[in-house]
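Features of the protein shown, as given by TrEMBL:
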BINDING   B:Asp137, B:Leu138, B:Thr139, B:Arg164, B:Gln180, B:Asp184, B:Arg333, B:Tyr337, B:Tyr338  L-histidine binding site
DOMAIN    B:68-423  domain 'Aminoacyl-transfer RNA synthetases class-II family profile'
2 protein chains.
Amino acid sequence: MPQLGLLPRRACAALLSQLLRPPCAYSPGVVHCHSQGQESLQVAEAVLTSQLKPHQEKTNFIIKTPKGTRDLSPQQMVVREKVLDLVVSCFKRHGAKGLDTPAFELKELLTEKYGEDSGLIYDLKDQGGELLSLRYDLTVPFARYLAMNKVKKMKRYHVGKVWRRESPTMVQGRYREFCQCDFDIAGQFDSMIPDAECLKIMCEILSGLQLGDFLIKVNDRRIVDGMFAVCGVPESKFRAIGSSIDKLDKMSWKDVRHEMVAKKGLAPEVADQIGDYVQCHGGVTLVEQMFQDPRLSQNKRALEGLEDLKLLFEYLTLFGISEKISFDLSLVRGLDYYTGVIYEAILLQTPAQAGEEPLSVGSVAAGGRYDGLVGMFDPKGHNVPCVGLSIGVERIFSIVEQRMKTSGEKVRTTETQVFVATPQNNFLQERLKLIAELWDAGIKAEMLYKNNPKLLTQLHYCENMGIPLVVIIGEQELKEGVIKLRSVASREEVAIKHENLVAEIRKRLSES
Amino acid sequence: MPQLGLLPRRACAALLSQLLRPPCAYSPGVVHCHSQGQESLQVAEAVLTSQLKPHQEKTNFIIKTPKGTRDLSPQQMVVREKVLDLVVSCFKRHGAKGLDTPAFELKELLTEKYGEDSGLIYDLKDQGGELLSLRYDLTVPFARYLAMNKVKKMKRYHVGKVWRRESPTMVQGRYREFCQCDFDIAGQFDSMIPDAECLKIMCEILSGLQLGDFLIKVNDRRIVDGMFAVCGVPESKFRAIGSSIDKLDKMSWKDVRHEMVAKKGLAPEVADQIGDYVQCHGGVTLVEQMFQDPRLSQNKRALEGLEDLKLLFEYLTLFGISEKISFDLSLVRGLDYYTGVIYEAILLQTPAQAGEEPLSVGSVAAGGRYDGLVGMFDPKGHNVPCVGLSIGVERIFSIVEQRMKTSGEKVRTTETQVFVATPQNNFLQERLKLIAELWDAGIKAEMLYKNNPKLLTQLHYCENMGIPLVVIIGEQELKEGVIKLRSVASREEVAIKHENLVAEIRKRLSES
């Protein structure tokens, strides 16, 4: 029953409270009346629709996908398949195993993992039994899996949907259901070697997808915290201020500063000190500089972070990708669970191509080190250090889709290789026998589901669908024991002995 | 907070009623106290746990997947990938396009589509906004897609998870989250041609998977209804009696009869008449027989169904699969939306193989014709006839997994081709350079994330993981500009010029 589940509870609370208060204090009838009013309205609606259903349902009934979600058309599925194949093959190239987890988890497992974003978690209705929530990312379920199975070492990838109740107006072009592709390395290893591989993977995928030039911002949570500490941010405000800084890619420093001071009560001079830092970005030389920074170098954790970044850059140079990486003190990453290195890949705005309105895509991949998360799930608090990355495939899909649109290239949504046609009536039986022969030979084949289709209709279908070959059977062919094989592109036709048909088709397909 | 959603509502109703009653009638304070008691208890609990979280959470906190769900291990994912690849490639062989829909739909879209099973639908919590439910199958979302986009013709496949709140005790070995693979043909076509292709697809997939001998039961909803009508079942009881009959694969006729008579109030003589029919099954000859059946032949809709089945068998013979098909009058299929031909594939019990306890798997694929479903979503009620099938891949996964276990064959969970090793200390830099070279050449490569691993540890890793090739670099090799290439199987090592390494590896891999 829509909303009825909640409203009466509010109404009830109001009423109960009245019974517990001395009569004189009686007043919040407003609440009661209000919710009462709403309730009866709701009931009326409910009754109305249920009465209408048999007759008028059709008219008063909106057919749509839920807010913030969408269907994926065959055209979009083709793009998806291409992109995901490239991503997954990269993950496999780096020795990752596949893993899958349920779409929902116990609600309590997800709480206190996502900082300010926790409000975006979808809960399932209590239908008796456990309280469940749809997964918000693939990282927390992975950590839960490791703790639950006492796995101390694992390199896994996971492609799956996650759900977040973003208000689409607030966050442009984001969906509430979207696909994530995660790669993570769990285990106690020598410093920065797995971390460097994660950045290598991001580079391989982004170059492989040919999305244009990109940059990967790198920072370390310990440097962020150190920075806040030396600037005089009270520790209680670290997360709040962090999530303000995190908006610097969307908002100007002026606006971020205002948010920190006016909304989050940070002293202006503290904000300005942060400002000096968060405007710094550069390569390994900036790391060296920060070692010399009079204030930051006083902070133990910041120094640990800088040590790691220095080592990381050394490995990135050996991987030949250091010029793609930028040490950026404004990178914070919202999520609570990061403990060390963090990174985020952005596409650099390329001048819009002919007829293509420039897309502001922002981050297309991100990740970091989270050494404490598994311990939050382990009964004894045993930790398994983890580092990983997530590819923002949805944004990548939309870029590739737009590229295809503007390029105007026609995308095939089927893979059919051969079409079975006839110029004559009453040839359904022969067509059915013939197409079964092709299917059983593993050839992708289609025919029209009509008893007597027109030949022209059949040939047009092939041209529209981009089917390369047509086999044609009629009385003449049947008599001579041959099948006509037609190339849709050249329109050439040759008669082929029926017994040689499959071989000939295979030959043609292997050539093309 | 469990039950709180309901209890206070009841309490609330009671309290509201009191406000509408004269004071003298005041009494059911019990309800109020009771729910109050419970409520405060719940609240207390909530507070308690939230207070405990930082400290004792670990101890009072169960880490598990939600009831009826499970993680899929890398081993299981390998099986899944193999099976799904075969299924999807068959769907593509028949010219299907890919389609994806959201995991949840507007709740009202799913109501009144699943008959007695509607209670198994997962609802999402009302967090403000639309009322949503997790999809229960892939068919209703497909119909919704067709109506929403005014698509009149489409052949699509869809692989995705669906969710049903089965009580695991009731339905053995079923999960509440499971994967479905659907193929459907929508559109107005000549009779039985698409229907026959659906059965052909089921045969291709089940033979392709080599699960042993199978049988596909076929019936028609119009024959079922006709049968009920001529036996004297009141039309209001059709669905209820249908779902009893549907249990004949799990229950004896005696028990089903008892359910129909005792629980569903069917006259015993009517039950017995049904009994005569539902025990009939056979090939096309049984279809012929039923045409002659004195009572059934009196029913117009039953005759339509029989006409279609006759034609269907003709096409199935041309496809060469008629001996796999059995016309079975006990087949009913629970779902409300079927309107014509229905079918269900079962694996025939093969004598358990060595050490393999016999699995009772029941139905592994099913489907049918649903010509009315799209119209339920179309504002003007325009219909799009549809026929389709769903592969019960979960059951297939478990069979294949069990086969693999008993066969004892070791399954590789990674695809790594080459391992980068060193016999010496302080060779991390060279290993990193070398592995990047391999990755950039598209070779699947791994190394240990240690500065100075032991050579034996590295070689053992390769043997455990089934990695076929090892490249070894040390001082000697570095000096001579070569790399040692080792075959893990034969343990042979050869020195190869560094610049020829990738080519040689590719050669070795293409040979194996």
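Cβ from N, Cα, C; glycine included.
Keep in mind that TrEMBL annotations are predicted by a computer and have not been checked by a curator.
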Number of other Cβ atoms within 10 Å of the Cβ of B:Thr139 (L-histidine binding site) across all protein chains: 26
For L-histidine, whose listed binding residues are B:Asp137, B:Leu138, B:Thr139, B:Arg164, B:Gln180, B:Asp184, B:Arg333, B:Tyr337, B:Tyr338, the greatest C-alpha pairwise distance in Å: 21
All-chain count of other Cβ atoms within 10 Å of B:Gln180 (L-histidine binding site): 18
B:Asp137 (L-histidine binding site): tally of other CB atoms within 10 A of its CB: 20
Which same-chain residues, if any, lie at least 6 apart from B:Arg333 (L-histidine binding site) yet have Cβ under 8 Å of it: B:Arg221, B:Asp246, B:Ile342, B:Glu344, B:Ala366, B:Gly368
Three-class DSSP secondary structure - B:Arg333 (L-histidine binding site): coil
Cβ-Cβ neighbours of B:Tyr338 (L-histidine binding site) (radius 10 Å): 23
Integer average pLDDT (0 to 100) for the domain 'Aminoacyl-transfer RNA synthetases class-II family profile' (B:68-423): 92
Assigned conformation of B:Gln180 (L-histidine binding site) - DSSP reduced to three states: strand
